[in-house]
Structures are given as C-alpha cells and as structure tokens.
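Novice: Supplied in structure tokens, the structure appears directly below.
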6 protein chains.
Amino acid sequence: MNETPKGAPDETLDFSDPMQRPRFAGIATFFRLPWREDFEADAPDIGVIGVPYDGGVTNRPGARHGPREVRNQSTLMRRINQATGASPFEVATAADLGDVIIQKPYELVGAHAEIEAFYNRVVGAGIRPLSCGGDHSVALPILRAVAKDRPVGLIQIDAHADTGDNYMGSRFHHGAPFKVAADEGLIDPKRCAQIGIRGSLYDRDMWKFSHESGMKVAYIEEVEDKGWKQVMAEALAFVGPGPVYVSVDIDSLDPAFAPGTGTPEAGGLTMRELQGMIRMLAGLEIVGADLVEVSPPFDQGGLTAQNGATAMFELLCVMA
Amino acid sequence: MNETPKGAPDETLDFSDPMQRPRFAGIATFFRLPWREDFEADAPDIGVIGVPYDGGVTNRPGARHGPREVRNQSTLMRRINQATGASPFEVATAADLGDVIIQKPYELVGAHAEIEAFYNRVVGAGIRPLSCGGDHSVALPILRAVAKDRPVGLIQIDAHADTGDNYMGSRFHHGAPFKVAADEGLIDPKRCAQIGIRGSLYDRDMWKFSHESGMKVAYIEEVEDKGWKQVMAEALAFVGPGPVYVSVDIDSLDPAFAPGTGTPEAGGLTMRELQGMIRMLAGLEIVGADLVEVSPPFDQGGLTAQNGATAMFELLCVMA
Amino acid sequence: MNETPKGAPDETLDFSDPMQRPRFAGIATFFRLPWREDFEADAPDIGVIGVPYDGGVTNRPGARHGPREVRNQSTLMRRINQATGASPFEVATAADLGDVIIQKPYELVGAHAEIEAFYNRVVGAGIRPLSCGGDHSVALPILRAVAKDRPVGLIQIDAHADTGDNYMGSRFHHGAPFKVAADEGLIDPKRCAQIGIRGSLYDRDMWKFSHESGMKVAYIEEVEDKGWKQVMAEALAFVGPGPVYVSVDIDSLDPAFAPGTGTPEAGGLTMRELQGMIRMLAGLEIVGADLVEVSPPFDQGGLTAQNGATAMFELLCVMA
Amino acid sequence: MNETPKGAPDETLDFSDPMQRPRFAGIATFFRLPWREDFEADAPDIGVIGVPYDGGVTNRPGARHGPREVRNQSTLMRRINQATGASPFEVATAADLGDVIIQKPYELVGAHAEIEAFYNRVVGAGIRPLSCGGDHSVALPILRAVAKDRPVGLIQIDAHADTGDNYMGSRFHHGAPFKVAADEGLIDPKRCAQIGIRGSLYDRDMWKFSHESGMKVAYIEEVEDKGWKQVMAEALAFVGPGPVYVSVDIDSLDPAFAPGTGTPEAGGLTMRELQGMIRMLAGLEIVGADLVEVSPPFDQGGLTAQNGATAMFELLCVMA
Amino acid sequence: MNETPKGAPDETLDFSDPMQRPRFAGIATFFRLPWREDFEADAPDIGVIGVPYDGGVTNRPGARHGPREVRNQSTLMRRINQATGASPFEVATAADLGDVIIQKPYELVGAHAEIEAFYNRVVGAGIRPLSCGGDHSVALPILRAVAKDRPVGLIQIDAHADTGDNYMGSRFHHGAPFKVAADEGLIDPKRCAQIGIRGSLYDRDMWKFSHESGMKVAYIEEVEDKGWKQVMAEALAFVGPGPVYVSVDIDSLDPAFAPGTGTPEAGGLTMRELQGMIRMLAGLEIVGADLVEVSPPFDQGGLTAQNGATAMFELLCVMA
Amino acid sequence: MNETPKGAPDETLDFSDPMQRPRFAGIATFFRLPWREDFEADAPDIGVIGVPYDGGVTNRPGARHGPREVRNQSTLMRRINQATGASPFEVATAADLGDVIIQKPYELVGAHAEIEAFYNRVVGAGIRPLSCGGDHSVALPILRAVAKDRPVGLIQIDAHADTGDNYMGSRFHHGAPFKVAADEGLIDPKRCAQIGIRGSLYDRDMWKFSHESGMKVAYIEEVEDKGWKQVMAEALAFVGPGPVYVSVDIDSLDPAFAPGTGTPEAGGLTMRELQGMIRMLAGLEIVGADLVEVSPPFDQGGLTAQNGATAMFELLCVMA
Ligand SMILES: [Mn+2]
Ligand SMILES: [Mn+2]
Ligand SMILES: [Mn+2]
Ligand SMILES: [Mn+2]
Ligand SMILES: [Mn+2]
Ligand SMILES: [Mn+2]
Ligand SMILES: [Mn+2]
Ligand SMILES: [Mn+2]
Ligand SMILES: [Mn+2]
Ligand SMILES: [Mn+2]
Ligand SMILES: [Mn+2]
Ligand SMILES: [Mn+2]
C-alpha cells in the first residue's frame, strides 16, 4: 500500500514566475511582484510602494524598517483570496515600485515634500498606489498627490483619530495627518469614517477636530457591542459613493496581534475583524490605500509584519 | 500647498509635568506620578505601590520584576479614559509610593508580615492602595491591612480561584491567599466573586473552598457563553453594596495577551473583555486594588507589562 | 493575626508520582507520563507519541523540534479537565511511547514507511495513538496504520484542507495527506469534516479534491458568522457515528496564538474556540488523534507549544 | 558523475541507544543517559542530577528551570571529547538520576536539608554526583554530603567568590555557600581556588572571608593578563593533591556567552577559556562537580543552557 | 550539622538608601542615585543625565529609548569598583538629573540647541556631566556647553570616527559630531584619539577629516595586534595633559556584546577590553563623558543596556 | 555659535544607485547589487547566489531561510574594506543572480543535481560564484560545477571537518560534502586545509577521512594557542598556489557570535579572527566561495545573518 506511485511531474508550476516559487526563496518584493522603479515607462494599474520614513512619530520609532519586513512577509501571500474569490493579479497589473528614497530626512516638512513629489510621479503615470509605511504622517503627502484635484472620502482603521494639532512644535506628526489633510481640502470630513478608536487621552479635546468637522468616529466599544459588520456597514453608508482613500494603521489591531508598532493601545481589533472589514470595501472607488506603522524593531517573530502584509493583500483585492 | 504655515508654538504642554513629556523620556514612575516614599507627610488619596516579591509562586518565578516593568510601560498611559470619560488625576490625588522593600525575603510568612506592615502605614495615612505585584500571595498581607476592621467583598479576575490549601509545606503560596483571607475574616465569601476561572486541576476539590464557603465562581466558559457584560453584572449583583477589594491576576488574560506570567492557562480573556469588566466597577466602594503576576522574564516585548499597566489605569479610573 | 498556624504536613502529594511534582521539575515526558518504549510488553490504552519529522513541509521547517517542546510545555498540565470533568488518567492507562526514530530521513516516502511501521507496532499492541508532529504529512502513515482495516471518518481542524496534489515533485508533502489518504481508502470523504480553512490560494482549485470527494469544508468565516458551537455541531452531524480520526493542525489557531508554525495564516481560531470544539468530540469513537505543525524555532516564549500541549490534553480527555 | 552510488546501509548506528539517535529526537535526559531514579538498585559511577531550586538568589530568579533546559541542550553533546580524547561513557557508567524534588520550597534552610538528604543517598550508593543547578546556594547541601567525612579542596570558576555572610536575614543564600562550607569544615580554605572573580562590590570587605581564610582568589584581570592556562596552573598548584570539589557558576562567562543567569557581570570568560580551564582538571581526585545558575527565563535562544551543557560535558570528561 | 545557627540580624543594610535595596526593587534612576531635576538648588559634583534623542541617526533608530533601559540595568551596579578600588560615591556627590526634555524634536538643529541649553544650565551649576544617549549627534551640543571656553581633548571609543560631513542634507547627524566640534573650536584635533574604528566605508575619504586635522585614529586591527593596553597608552600619550572629554559609543563593542545599537559593525571590542581601556583614564582631567547609541528596540535581553550601564559605571569611577 | 551654516546640498550621493541609498531602505539584494537572473545575457565577473536548501541537515533545519536574511543584513555593507583598502565593486563587476530554485526538494540527490545544473550555467557564463547557503551539503554540487575540469584546493573554515560518510541512509548530508568531493576528484586533499574544527565526536574516527587523505586539520585549540595569523599562514602554505575554493561555515564562529545555525559548537572563533583569516586569502586564485549554515529561525536579532553578510563581504573583497 506504500507503493503509491510517485506523482507525475509537477507541470503546473512555472518557476520563472517568482509567485510560483517556494515562498522562502528569492528576493523579497511586495507579493513577489516585478520590481519596477522606472515605472513611467511601463505603468501598472496598481503600484505597491514602500515609504521608509518614521520622522513623524511621537513615541517609539522604527517604522522606517516597515517596508523591508512587510515585503519579506508578503512572500507568504498567494494569488487568490479564498474568502472572496478575488484574484487581483488577474484583473489588474501590479508592480513593486520600490521605496520612496527621502534625500533629506532630518526635517519633517521637507521629507513630506519629497514623498509628495514621488507620488505625483505615480499619480501622473496613472497608477493607483498601495503604500506601506512608515509612520502615519506619510498619509498626508500621499493624499496631496492622490487627492490634489478634489477632496476624497476616507476610511481609516486606526486606534487613533490622528486629527490632532500642533504637538512639540509641529503640525505634521503622525497624530495629525487627517486634520491637516482636511485643512488642505484633500479629504471631505463629511465623508470620513474612523474606526477602532481607543486608548487614553491627554485631553478630552484630543480628537475634537474629528467631531467638529463632522467625521464619523467609531470607537472600539462599538465594534465590541455591534460587531464589525454593522460598524463597517454604517461607515460605508456614511462615506457614500465617490472617490475614497483607505488608510489602515496596524495599531488598529490589538497589541497581541500587532506588537510591532509605535503607539500600541490595548484592547484592539483581531485579524478576523480587520480582514472582514477590509473585504467589505469591495466596490468602492479607491484612489489609493496604505498600511502604516509597522515597526519591526518592536515586532515579535514577524507577526506584525505578517499581519501587515495580509492586510495589504486584502487591500489589493478590493482595489484591483 | 506644501507651504502650510508651521503651527504656533505648542503652548499647551507644560514640560515641568512629567505626564506631559514624551512618553519614552524620563524616569519611570507609575503613570509618571510623583515619587513619594515619605507618604505620611503628604498623603495622596491613592497610593500606587510596587510589591516586588515572588516567593509564593508554585511554578515559574519572576513576578518580583513586575513593578519595574509595569512602571516602564505605564508611561504609555495618558490622563483621561476615552471610553468612560474618567479623569482620575483630576478627581483624586495620586502618587507612586515606591516599592515595599522586603528585608528578609527568604521566608514566606515573615515576608508577608513585612508587606502587611508597609500597608498598615499606607492605610494609617488614609491612602487607598493600588498595588502591582509580585505574585498573588501578596494580596493576603494587603488585605490584612485594608480589611483589618471588617470583612470586605472581593472582585477577583483570575484564571485560578486561589482558594487552595496547604501545598508543599505552606498555606501562604499564591494559590491560596483568598482561602486564608476568608479564614482570617478579611473577606466575606458571600460577597466574593471570582471570574475567568479555568485550567486543568490536580483534584476535583481544588477550589472546593470557594464553593463551600459560598463564593461565586464564574468560569471562563460563562464568559464565552453569556458574554462578559452579563457575567460581570451578575458578579456585581452578588457582591452588592459595601466595601470591596479588587484583585486582577494578569493570568486571567489568555497567554496570547499575557505570556509573561507564572502560571499561564490557555483560553483566557481578551483585553477588550478585561477592560470592559473593570470599567463596570465604577461606583463601587473600592478599598484597594491590585494587579498581580506580571513576570517580565517570561514576557514578550513588554506585552504583558503593557496590558498590566493598562489594567492598572482602568482600576485607577474606577477607584478615583 | 499573622500567627496563623502553619498548615499540617502536605500529606496529599505523592512525590514519587511525577505528575504530583512541581511542574518545572523533572524530566519532561508528555504529561509527565511514564516513558515506555518497549510498549508491547505493557501496553497502555493510549500511547502518546512524538513524530519529530518535518521533511514534508513546503515552507518553513522546524516541526521536527515539536515533540521536544510540546513535551516540555505539557508538564504544565494537571490531571483533570475543569471544564468537562474528564479525568483521563483515571479512566484510561496512558504512557509516553517516545519518539518515532526515523532512520533514513533524507527521502520522504521512505521516512513515511518507517513511521507507518512504528504505528503498526502501536496498533498491533492495541494502543490508540495520540501523536505530536512533526509536519502534517505524518498523518498519512499514521492513518495507514490506524485505518488499515477500514476507512474512518475525519475531524480536521486546520487552516488548510491539505488535500492538494503533486507539488514540487511529491504527492506526499504536508499539504496533501488527506487526498492521498482518501485515494488509499483510509478515510471516507463522506465522513470527513475540515474546519477553520482560510488563507490565500495558488489556484481556485487548490482544495478541489475536498469538494469533489464530498468532504465538508467549514471556512473560518463560518466560525466567525455562526460561532464555533454551531460549526462543530454540523461537522459532527456530517461525520456521524463510526470510527473517526482527529487531526488538529496548530495553524488552525490565529498566529497571535500560534506563531510557531510553518505555514501561518492570519485570521484564525482563538484557543477558547479550539478548546470548545475539541471538547464537543466527547463520545466519538476516536481511533487516534494528532496535534501537528508546532515549529519551535518560530515560536515565541513557548506559546505555541503550550497551546499545542493544551490541545493534546483536550484530545486526551475525549479519547480516554 | 552524479551517479555516485548511494552508500551501503548505515549499519554503524544502533537506534536503540538514545545517544545514537538524531539529536533533536527523543526525551531529553542529561546527555541522553538512562533515567534511573531508583539508583541504589543499580548504581552508576557518576550520577547526573538536577537541582531545580532558586530560593537562594539575591537578584533575578529562574535557575529552577535550569535542569530542564540544560538537559534539552545536552542532547547536542556526542560521546567523545575531540580536544582531549576523553571518552567518558566508555570508562565510567553514568545515569541521569532525575531531579531533587524539594517538598517544602518556601523555606531556605529546610530546602537545603532536603537536598542534602538526596545527596546522602547518592553518596551512600557510591555515586559521584555531577549536578546541575539551581542557584549556587545548592553547593552547600551537596558539599554536606560529599565532604561530610573530611574537608575537600575546591576549584570554583565564578564571577563571585560567594563567601559573603548574612544578607537579608539569611546566611545561606547563593552569595555565601563557600563561607558556610568552610565554617562547617566541608572545604579547606587553604585548598580553595576561586577564578574569574569580578564585578562591582557593595563593600570593600565583601569577599574578605576568602582572603582572610587563605583562599586563592584569581580575578578576571589575571586571566586577561596572564592567560587562562597560567591562572589555572597556579590554581592547581595551590589546591594540590587530594579530594576536590569543582563548582562552575555559569556567570563566570561573559554575559555575551551566558545572558541567562541571575547575577550577570560584564567582562567575563569566553567559552574557549572556560573549556580550556576545565580540561586542565584531568587527573584530579574529583569527588563531585556542579554547574549552576543557568536561568532559562533570561536566556537568549538557549545559548546559556548550551554552554552550560557543554561545561557539564567537559566536567564529565575529567570526572570519568 | 544542618543546625547551623541562623545569622544575626543583617544590621549592615540601610534600606532607606536605595543603593542598598535589592537590585530588582524600586524606581530605576541611574545607579539608584537621587533624582534631582532642580539641580541648581543642590548641585552634585557629577550629574548623570539622559538624552533621549535619536533624530540624528543615519540607519536604525531607537536610541531615544536608551536612557530608560540603561537606567534599568544600572541598578545592577554596586558601589565599589573591584578592579581598581575606586569608590565613586564616597569621593564625589552624584545625582540623576533626569532626562533632557526636547520640546521640538522634529528638527535636528533646534533639538541640538535645546540640549545645549540644558547643558549650559548643568555646567553653569558647576556640575560635570556623565551623559547617556541618545545617538552620537548629542555629543555636539554637550561639547558646546562643556567646552565653550576652550577646546578640550577627546578620547573617543567607537566603531566610527564620526568626523563625516554633510550627509542627506545635514552636517549634524550622528556620523559627524566631531568634525563640527572641531570646526567650532570645541575640541583640539591634536588632542583627539579615536579608538576601535572599523567597518566598511562609502568612500576612502570618509574619515579624512580625522586624518587631515591630525587626530589619532586607532583602528580595531591595532587593538588586535598590539593589545588594548598599548593602544590606550599611546592614545593617552597623544592626548596629553589638560581637559578632556570622553565619548564612548556602545557600537565600539562587537555586536555579540552590543546588538542593540543603530550601526553595528562586526569585529569589535570585548567588554574586557572596553573596561580595561576606560580604567586607564583614571587621573585625566575629565570635563564630561558620555555613553551613546544604546538602542533598546534592537537589544537582546538587555545585554547592550547592561554593558552600557557598566561602561557608565567605569566612566563614573574615573571621573569621580 | 549654534548658527553654524547648514551644509551645502549633499551632491555626492547618487540616489539612483541603491548602494548610496539609506541602508534600511529599498529591496534587499546582496550588497544592494543589481538583480540579474538572466545572467548569461550580461555576465558579471562575480555572481552572488542564494541556495535556499536545508535538506541535508542532521540536526536543526532553517538554513533555507539563510539567503533572505543574509541579503537583508548585507544592505548594511558599504563599498570599501577599511581594513584592507579593497574596493571590490570598482575592480570587478558583480550582480545578485537570485536564488537557485530547487524544483524537487523532497529528495536529496536530485536536489543536488538541480543545484549543480544551475552552477553549470554560472560557470559556463564565465562567472565566479559567491554563494550563500543553505546547509553545507550544497558545497558538493557547487564544486561539481566549479571544479569539474580539475581538482582544486580548499580553504574551509568550520567547526566540523564535514568529511563524514554514510549517515542515516545518505552519503550526501551536510557532514560529508568534502569526503564526497574528494572521492569525486573535485578537491585535492593534499591542498585542503580545514580550520576551527572542534566539538564532541560520535566516534574517534569521525573525521578520519580528513586525516587519511592528507588534509590539514587545524583544530580550534591551535587558533587559541598559536593565534589565527599563524594558523592561516600555515594553511596557506599547505594549500599552495593554484585554484582554490573557499568555504566558510558560519558555525566556525562561537555561538555567541552565531547563534543562528544548525549545529552550534561552543568555543569557536570570534568575528575578529574570522575577518582576519579571510583577509589573508587575498591573492589566492579563488574559483568560488561560499558562506553556509546561517539558520535565521535560530538567530537572535539578526546577529548571525549580519556576521554572515560581513563574512561574504570579506570574501568578495579577496575574490574581486
Ligand atoms: Mn494609530
Ligand atoms: Mn494612525
Ligand atoms: Mn492566576
Ligand atoms: Mn491568582
Ligand atoms: Mn495547516
Ligand atoms: Mn495541515
Ligand atoms: Mn556567580
Ligand atoms: Mn556563584
Ligand atoms: Mn559608532
Ligand atoms: Mn559614534
Ligand atoms: Mn559546521
Ligand atoms: Mn560545515
């Protein structure tokens, strides 16, 4: 009975395609996509981009190492989303556009300008960006590129509303990008939903901009009470039709699922909740998306980077 | 558009207040509170105290290092509880009273006497203690001080009932404080609720004291079945009005949330459940509270200490 | 009041019984059971066996180290299941039969033959095996021994259906044992239920054998939607009466609960769910069970091995 | 040329001998020796014994977990010392006698009495013990057994002289065993050499007992200046002929080589130095030896336990 | 024989002195010194200061967390240097002055100005600073304070000469402080010795400023060839009499001894070498000293912080 | 004085060259070299190649993950060897040829044939390979390609001679490649030097092939006694002129420097010794070189991978 004949040659695998190689092998690009820095020459539908910048953090740094490690873990991803049937690489072309190389990192406003310039190239080439931070402050220069023509809606999954104001001499840190984006007319607060908000506060007014500008703020307690499906359904109804940017801060996850981040807050989402919510975004007009705040020096065994890569795959599936 | 004017000076931060400094900076006291060892001279309403003692463990040691690391992680806490609106530092004075320095640690009964003496000073000064263990055996000498005048009720969130008896030559180990406390008239079993109990047993009778004395024992399966709100509501009804001591063993959490503890038991609480339950204690007459069994040598990236610090902040919010 | 008399001698512990010794002490056998390699001479009802083989993995290796570390963590287990009242060591004899020593590990088919030969000895001695892998490919040679006389049903809790086919030159890797087992008539697909399936796919047809052969495939989304009780109830109804093999892949757990495994997939089970589902197997005619894919080199602080040991204890409780 | 014929069957391995099995497989006894708790019945020449006790530490605990993890790493050891040609298992019988099970661990003096009783059994059976701590305080009860008839010499390799006195209410902690041993006439200070001493001091007189009693104290600076060969040669000349006990504290190693210990001191030995020095002990009349203070909770990837196991193998080679 | 009488009460410890308490207990200040932020009021001879700033790194961040963790490990230090007999706390007063709180961290030049202002307060109070970084860029503002009146000599132990120039838009990063310091007349290149230099180079001219300005550059190969004593003796002869600043970059250590740093370079110093070299500085006119570049997020088990704390203790011993 | 003018623009960096970008940024190829899988079209002088295969290990697996992590750490390397002045990228062209993709990994002999075929392509294109394992068994198929025309000499730095024979059914495991290579006439034993050999032995005859065939075996004790310069000088004299292959097993390092490997042996080389010895190879006629046995799952903080990358850089410097 052990003499089961050995199978026929494995003709189904094309080893010239990095996505079909063993997942531990080979150079790690995002999802084992082709590496294309000269992207204007051959523009994919979707460009996956690393933004290795953490000059905007207010607490623990390290997110500059995020793109490298998320790329590494992203090689665990395969081609098709079993839960939804999405097959992003069949319906859209995609490439790893490499990292934004910030030439003058020691000054926050200038670094943001460099990021913005890179994304202007991306948007100019007709590419929709799926970005990997870096700290959340990078969402601002990305929005300056993808939303430069009109305000967009926002689905933000995060422990923090990130609509703070001046802090330690700067308006542009990672706790404030969405206030500045609203101030600059890049996002329409009436179409912005923030989900998973929690954690202690310095001031009762810490996220007052979210409230006063009319954003929808869904605290984690709502997720616990109503369930993630209802919360996201309400968020989608709030945001409505039209272009939308999706921003996922890995600290939306509970620290048991995402220890490797700069501002962990106990009591967050599980991966099942996060995956379920992202999947509900299918059909939106997504102009760009990001996954930010993976800080590998604080990670444990790559768990945060793996969950970050998985979240990026889910985002890709709803963007494609 | 990048020329957004730089914000006005950040006048709202008072850097002479350690709680307003960057969270990674400065000497780590609990919640960045003032350090006040000579507390009789200027007694705060609430004293936060470390009890670096683990001579009562039955399995893995290390909880003696708990206060140091919980202090470290507690600097992540801010001032206001976003979920409840509680602002403990506004409504009560608080200080870090330092650690109980046990002078003769090599003998369990004597060490407990030293802890009791320290807490007699605390209680004598009119301070309500919020303690950080150390192993759970320290709850006994703390109760001897805070409940010396009358039995109190107990809300205990723990994987273990800790109402065992003689084990390896001692009645005073960390698996037995609440039996001894009941024996000594410090707690009223009819007002004691134990929540989250689980794990394998040596004997069917292991927690028989809890049952026979009339304590309410809520197993983790009740939490899974009824939900944490219902379980805590029933516990509160059972305990009723009157003075109560609150004891949170970090091993009530699932080991994915609290790997750094001496007696981990699979299948425990999530942080959302633990936070939710502690918040329901608002309004109780809390005579003292503790968070015990954080064992940093077994921790992973500070996760257990961070969850312990968060639980202590939640306790502070319902005590203040 | 501190003069509480010291307890009477602890007469209840029999230190000649390793299960009554302190859990950190002593040589680590599974559950501190007697070590019995010459098991034909004194056959226990249940034999706990390590299979330190990981030659069948497709991604990250290390499961060969699983039995050693699961044994280590299994010493945390006590004797009685608090949730169910099961007392396996009272109702059945059990022993640690040691590890299968594979003499020619460099060739997969031959290694499987060695494993099968070992299990033929076990089954021949009338012992029901509870196995600890090793990678999931070892379930095939185990089934060749325990199901050699007739096909059995299968309860498989796993992130992956493991009914793939030829991959990289072999039909016998850890992603395919249950297809080969069905091909060889060892399991009856109409009595096979697979629970917890998730993760991205190489091909839409990756698990087509499960579907085409009539197995019940319960995706993780069903667990999220219906709850684990309903999912397992349906699985039990599907499998029905008759002999059944139970196979638990530790990667069924979410990576937050089981980082130490070769093919982690985000969004999996919690330990409360896994424990609850295993407990529902009480009363089945279990011919053997396994817990596979614990890979200690990728573990974090022993969490995966501890959860693996706990799952094995739960399996033992429903087998005994 | 690739058609090199496959080798003949590997007839040289006897898989019934655990020492010839793959090193990751099987139940971990010390050096994969037979486990023999009932050792009086069949007394080996050398008994390898675990002493899982850390009640004598003054700083970080965890050495109670030492025997388990040193056993685990000791399975990496093979049979012959390549550097010296020693083949200990050929020239002496050896067995793993299991761990000393301390029944009343909560009181230091009593625990020591239990350890002493165990070693009296060992010595009474004519077995020379090679012990694995536990903290260094266990050397005292071991010496009470092996040196009860006459004082012995001492070769101690350690960062600390461990000849302190009363500290925090006890004379019997891990910083004092050799003072008490000298006081009790178990060791002859004129034949005691302590090597590797370093670290900061509480008092200039901290190790005055060593000096005043006439012990030879070789500081780490002597090793740096003269080299380890000269230092050990002088120590051997000092100790001279006659019975000698050898005590190796893993903290003699630099923390880069032994992070997992309770009282690490920067600037210690390398493993090459430690191995070289132990090898020079060949020919001594060794009445017993120990390796202590491996604290797995503070270890990094098993490095300390592996170095501890290697040191024990070197000790075994000079004892056999 | 076990009846050894228990020692007399431990009268020698004064538990009101934090330095005499158990080392795991209590709030962690540097060396358990008194915490004195209002230092002008009661100026110690030596002020130990944390500078939690890492805005000047070129590669891996995290040194902002250095002071917290070095404080933690510094509690392992005792009072007297066993190797040299130095007793710093007897011959000098010392205090922990807390951390420099940088109010505007998002801009490098301004942050340096804030650091400089703090040190002007320190120097103005007649205090000699012993600083804990933070990245090496902080040595520049410290020198601006301690050397503002005249150029000083420099003993720098480092893998890198840190005399680079403009890099990524800034002259003030952690690879350049000593070029800027020389440019500003704060250090006299003819009295500057740099020891331990190694690692690959971007350009042959990377450290040309060191060579052209006349600094003595001792590569690690010199340490390997001549030994550390000779190398330091030559450095001391080069620096000669007069005021000197001592700067120790923890990356001078081999990464096996200091994994937790931002720019590790293989093949560095051992702790025995580093300790030996620092001890040779006794008798110098030290105007200030620092220990920089401990980056806890990259540390392993606190080893780097422990070695950093030990190096600071050695520095204190030669400063006092 | 703070008004030091900001430096001129950093014109010296060319950010289109990945080697001039920040080291944490960008996709990780070996040394940030261009990725060139279609290497016949544009053959570099030196091809850097990953061999992610660990099917030949006898103990701990994981070396399949070596190339990914060594690539990651290799981005820390700069362009010029400070110690020797070598500037490899100026004097030779180099590229990252990617990984050998083994299509049938489940059978050792066949996998070796696939590796050999890849290297035949490399050698056929006139490229000298610098390889990164993978386990040491891969040296055999590499030698079959680079030495197919004539036997070459060997400089092997390793804890193990790797000239074993049949073990567990195979002659081709990682403990035997150099015996098979000699048997096949690929290496000339009279020109083979093995350095750093140590560790315990199964049999006195374990490395008899090395001795009987006339190889030079330099044990670690020779390094300790004579120093690494003398040992390598003797090895170079033994090997003499002519083509030579260089094979560096990372386990030649002490486990404190290389914890992440499959067969660690205490008491090994330091990085200063290893770097020094490799630098002495300058001027040899090197036909190929490898760095093997980095096993990331057992690594600690990337230390082993970093040391492996550094060793590869040193190898590159003497090959170019
Ligand atoms: Mn956030
Ligand atoms: Mn955010
Ligand atoms: Mn508990
Ligand atoms: Mn408890
Ligand atoms: Mn699976
Ligand atoms: Mn499976
Ligand atoms: Mn010691
Ligand atoms: Mn000692
Ligand atoms: Mn440096
Ligand atoms: Mn530096
Ligand atoms: Mn080797
Ligand atoms: Mn080798």
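Don't overthink the numbers, they just go from 1 along the chain as shown.
Here the Cβ of each residue, glycine as well, is placed from N, Cα and C on the backbone.
Model, not experiment: these values are computed from the prediction.
Summarising the annotation, TrEMBL assigns Mn(2+) binding site to C:His136, C:Asp158, C:His160, C:Asp162, C:Asp249, C:Asp251.
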Novice: Could you check the binding-site residues C:His136, C:His160 and say which one's CB has the fewest neighbouring CB atoms inside 10 Å?
Specialist: C:His160
Novice: Setting C:His136, C:Asp158, C:His160, C:Asp162, C:Asp249, C:Asp251 aside, what same-chain residues sit with their Cβ within 8 Å of the center of the Cβ atoms that define the Mn(2+) site, listed in sequence order?
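Specialist: After dropping the recorded site residues, what remains is C:Gln156, C:Ala159, C:Ala161, C:His174, C:Gly175, C:Ser247, C:Ser252, C:Thr263, C:Val292, C:Glu293.
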Novice: Looking only at DSSP and grouping its letters into three states, which state does C:Asp158 (Mn(2+) binding site) belong to?
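Specialist: Note: C:Asp158 (Mn(2+) binding site) is coil by DSSP, not helix or strand.
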Novice: Just the binding-site residues from C:Asp158, C:His160, C:Asp251 whose C-beta lies under 6 Å from any atom of ligand 10, please, or none if there are none.
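Specialist: Correct list: empty, so none.
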Novice: Please list, in sequence order, the residues in the chain of C:Asp249 (Mn(2+) binding site) that are at least six apart in sequence and whose C-beta is under 8 Å away from its C-beta.
Specialist: C:His136, C:Gln156, C:Ile157, C:Asp158, C:Ala159, C:His160, C:Asp162, C:Thr261, C:Val292, C:Glu293
Novice: What kind of secondary structure is C:Asp251 (Mn(2+) binding site) part of, going by DSSP in three states?
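Specialist: Note: C:Asp251 (Mn(2+) binding site) is helical by DSSP.
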Novice: Which number gives the other C-beta atoms within 10 angstroms of the C-beta of C:Asp158 (Mn(2+) binding site), all protein chains shown included?
Specialist: 24
Novice: If H, G and I count as helix, E and B as strand, and all else as coil, what does DSSP give for C:His136 (Mn(2+) binding site)?
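Specialist: Reduced to three states, the DSSP call for C:His136 (Mn(2+) binding site) is helix.
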